[in-house]
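Pulled from TrEMBL:
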{"type": "COMPBIAS", "residues": "501-517", "note": "compositional bias 'Low complexity'"}
{"type": "DOMAIN", "residues": "145-232", "note": "domain 'Ig-like'"}
{"type": "DOMAIN", "residues": "237-317", "note": "domain 'Ig-like'"}
{"type": "DOMAIN", "residues": "325-409", "note": "domain 'Ig-like'"}
{"type": "REGION", "residues": "463-525", "note": "region 'Disordered'"}
{"type": "SIGNAL", "residues": "1-35", "note": "signal peptide"}
{"type": "TRANSMEM", "residues": "428-451", "note": "transmembrane segment"}
Amino acid sequence: MRPPSACPCRGGIPWQGILLAVSLLTFWNPHPTAPLSIEPVPFDVAEGKDVLLLVHNVSENTVGYFWYRGEITNQNLLIVSYSNLTHSAIQGPAFSSRETIYPNGSLLFVNVTKGDTGFYTLQTTTPNFQIETATGEFRVHEKLPKPNITINNSQPMEGEDSLALTCEPEINYASYLWKINNQMIPDGDKLKLSNNNRTLILFNVTRNDTGPYECETQNPVSASRSDPLTLNISYGPDAPIINPPDSHFHSGTNLNLSCHADSNPPAQYSWFFNGSPLESTQELSILNLSTNNSGSYVCVAHNSVTNLNRTTTKNITVSEPLIPPHLTASNTTVAEGDSVQLTCVPNDTEISIQWLFNNKTLQLTDTMQLSLNDSILTINSVKKTDEGEYHCQVSNRMFSQKSNAITLTVIAGPGGDNNINQPLSPGAIAGIVIGVLAGVGLIAGLGYFLFFRKTGGASDQHDLTEHIPSASNHSLGPSDHSPDKGDDVAYSSLNFNIQEPTQPTSPTSLSPTATETVYSELKKK
């Protein structure tokens, strides 16, 4: 803090001697162009540190320096003086033993206190008694202590109370800053700061205003921050939540319900079943459920500080295993175009009914109709496609059971077209072929007979005689004796093949299986 080549001097010669020495000087030095000035180094100084009042623009022929406390040159406020003639310092009434003056006029303060804060005046003199005056200032700031936050209500309630947070202690020349959740306080209608920012006001506090809060004090030489403060705001309870969310349970199983509601302080819980009290616990357990345990369960949450209660109701259903339903039919063999009715008879209540066809969900058609409770299935104008296996299935939220099977058989009805597309049997085909060929043979034989009568007897006899052996070769017809003329007998043989259908081709596709001969006898009367 001491300038180079400066010789600090603390008084020893009376200050009157300095004035006498100055009066003896006869030379004068012109005044510098710049006025005398004082620079505090530093201007703001921490308590216990040092500060130098540095002098600028001193005249070269200055012979004496006089430092005063304050802004006036009162002899009682003289701190110290220095003579360039004797190179000695003289202490004044305001000297505190912590000041040191240098030959260039600068004044050093060591281990400053808050009482040193203020103005200081320097007066210089020349041999011809020309006097100059300059005033300087510095401030001493205490090292800030760690602040703390006080609150006017230790247990505010949500939505009802406002809070005032104050940063302690109160310190002159200090500024105050506030942080919430380690961030600067935002502007808003819910917050307000006092004029010096020392007090923070929160309006209508909520559970989201718990913090933490910090206050910080600052001055030009130091800063200090308080410990975080978290507010204890009472709220709730909110509407309770009951877990698990399931509402349907098997008989014979165990029921474990838990209830939770947001609340500060934590809520107190109690349970009711169909209006009757059960337990005052957060969790409720019932072993080996039966249908008697079905009903309304209510959880009540209570806050002892806010004195508020909130409730939640949960309806529980306990189900017994289902008994398979019984399926009946008005008829199991139905002609096409007729109607049939299937009836599902359940053994339980509060169930739903589903119909199955060939073990798949039944797709209702325009000819099908269900009763209001789905227990009766009516099929109007039955079709061949309705033939198959039917079931009904009953279900509740926990179980399902399938009925016995009913197999519906559909036959061709009167005037029905059930056999139109079915292939003919081999016997039917053979009968049709034989009939057709026999008709053709008869027509051919009749034509031949008429032709024979028209052409005359001899040739007729010759022709007939030649046909006889052919007939006898087949072991059919009369003996080898020639017929009498009076008995005109003619034999006609027809050979044809009988064919059967070849699978899986169409019924008209035939394959040969046998060859037969049909004889027809014609007699002339």
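All positions are counted from 1 along the displayed chain.
Every residue gets a Cβ built from N, Cα and C, even glycine.
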Secondary structure content, the domain 'Ig-like' (325-409) (per DSSP, counts of residues): 3 helix, 43 strand, 39 coil
Number of helical, extended and coil residues in the domain 'Ig-like' (145-232), per DSSP: 3 helix, 38 strand, 47 coil
The domain 'Ig-like' (237-317) - residue tally per DSSP class, helix then strand then coil: 3 helix, 44 strand, 34 coil
